């Protein structure tokens, strides 16, 4: 897997895939910069009138339900259908899905009408996707439970929607229902900066343009984890502002050597 | 007051209140990060269809009229009414209220239909709220006037709307119509970065979730002022980019010691 | 030209012109900060209901078609007409114009209904404006062609719309159809951060408020190029996060000395 990740990182740098993102407005700038950092070309567009054309020329589609609107729901479903027709991979980030009927209905409709290549979320979000009731606040308010519970949720969601699922948390779990990979990279500092989840999703989007769903998901999640670790070493004691700057620095200079040195994954 | 502020800062870190913000799109990312920096949980959501549910589970509501739309006006009034029903504190930042009929009408309607716990603005904005005509451009274009004038406006606005008012400027004035606190912290560098006013409002929102209106307003305004001073010491001569990074660093590491060393307030 | 640029930079710092921007949501925060960095006053507002009033009190208007909506198209045309009536300069950044019918129709309608003082774009965007068909993806996907081709496109666009055109790329070309200036400043690092094109447009907007179209365009484009060069010297090997921070630092501290030392332009 390590070699595959490194190869995929190099391929994205070389191919510079166009990633169309229908994003929330909180983290849209950071996600565009993260895509540029790994060599992808971001295009952000969410107007119902133009998403069809823009998805059609993209190499991957990212759907993110933060700061959702009724019209951006329409854009997501339309873009998703075009992606399916054209064989373009789609990643869904069901941000705060439990928080409102609008978000629940949107995620439900997307899952029913669009084949999703990867879903990435925190445990509460993936629990909702798996059909398990939780009290989500958009934040991971799930009661502390075992890694086993997280794996069970991920597998359930993957099987239910016939997709690959990435649950990010203290330990990250990636599964397509059969294969299972646990990632032990990361730092709690990543939860102190808004949008690191969305940025991880964007990274997976870039990797999906050039790789398979399991490899792309593991590459995106582990890259963010490793970048967080290195950023913390460099700026952790200085504060959140410097941590975020270093995170971008490290992402823009990620390479095989750092992956080999830091990657901590476990296959099951 | 000093002890109360320090206690409140600790309480927010411990309780991690959920702060629902209906924000402008210019400063929405910085406001989310500032909330995380002090330990609160941000949730940004502005669609009319979902604000009712999201406010209902929040510990504080922030309303900000920058980049206002006709539909976000509806969201603000709806969310404000829910907050009032549930006893959730509401802070209003009437960004550039004098600049258009849409903003004037929105602020007027919010004030008429929602009980506001704290209003924070610059002198032009608070003058408008107090019913004093000014030529606002969204920027503080008020003719230079004495601190006495600022205090008079703040008291007038507080009495008129039976609320607590925070006017930020060279000297910051906080009043509930009876009590009056002047804050001498801050630096002019804060006006060179967009959104420091909005971020101050977000901070007060976090503190309102756990404290009374006067203490929360003084805590939010003085914390931004002190963070600005320390950031300027560290990065002031380097430039605006580094100043903003340091501002986030300091906010994420604010503690009782720094408050005690730097706080400059005067009670009247 | 060097003296004129330095004079213009000083004038903007002194006059602090109000720049009304109808912006995309990806780069809106950076553009506001860039305007503050050079001493201008940013006001971001895009609601159809308020743009008329806000443009009317502005000193310059910036129109940017990234993350376009059907309603923001209306806002742009309305604001543009008000600017024309009041003699307020207008700069258009036709972001990704080739990418969708919505963007094409919007740019077409703006150009037909509003007199534009300056158009700034990459080669693909300016080719579209000049009426030359390209396969745009919002990214500069034009096949590598000679500087002569770029100049030809710029002149064609300038003549067609009777305006000043700034094409940014490896070499930047500024022309009003008669005069032609080539700028050799800049670094490829600028294309690794999202929004540096939009920020350049915002800078030109600030300079247009106080200067003529050729001088303002050369000032804005060369300032970004020079700032990029200095930022790269300081942070280029560290990564993209630090580069962006230094870019803001340098822009906020730009002065005549740096311009004189670094400016590389050629008049034809």
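Note that Cβ sites are derived from N, Cα and C of the backbone, with glycine treated the same way.
Copied from TrEMBL, the annotated features are:
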BINDING   A:44, A:195  substrate binding site
BINDING   A:120, A:168  ATP binding site
Residue A:168 (ATP binding site), number of other Cβ atoms within 10 Å: 28
Near-B candidates in A:44, A:120, A:168, the binding-site residues, by Cβ under 8 Å: none
Binding-site residues among A:44, A:120, A:168, A:195 whose Cβ lies under 8 Å from any chain C Cβ: A:44
Residue A:44 (substrate binding site) to residue A:120 (ATP binding site) - Cα separation in whole Å: 19
Between residue A:120 (ATP binding site) and residue A:195 (substrate binding site), the C-alpha gap once rounded to whole angstrom: 13
Residue A:195 (substrate binding site): tally of other CB atoms within 10 A of its CB: 25
Which of A:44, A:120, all binding-site residues, has a Cβ with the fewest other Cβ atoms inside 10 Å: A:44
Separation of alpha carbons, residue A:195 (substrate binding site) and residue A:168 (ATP binding site) (Å): 13
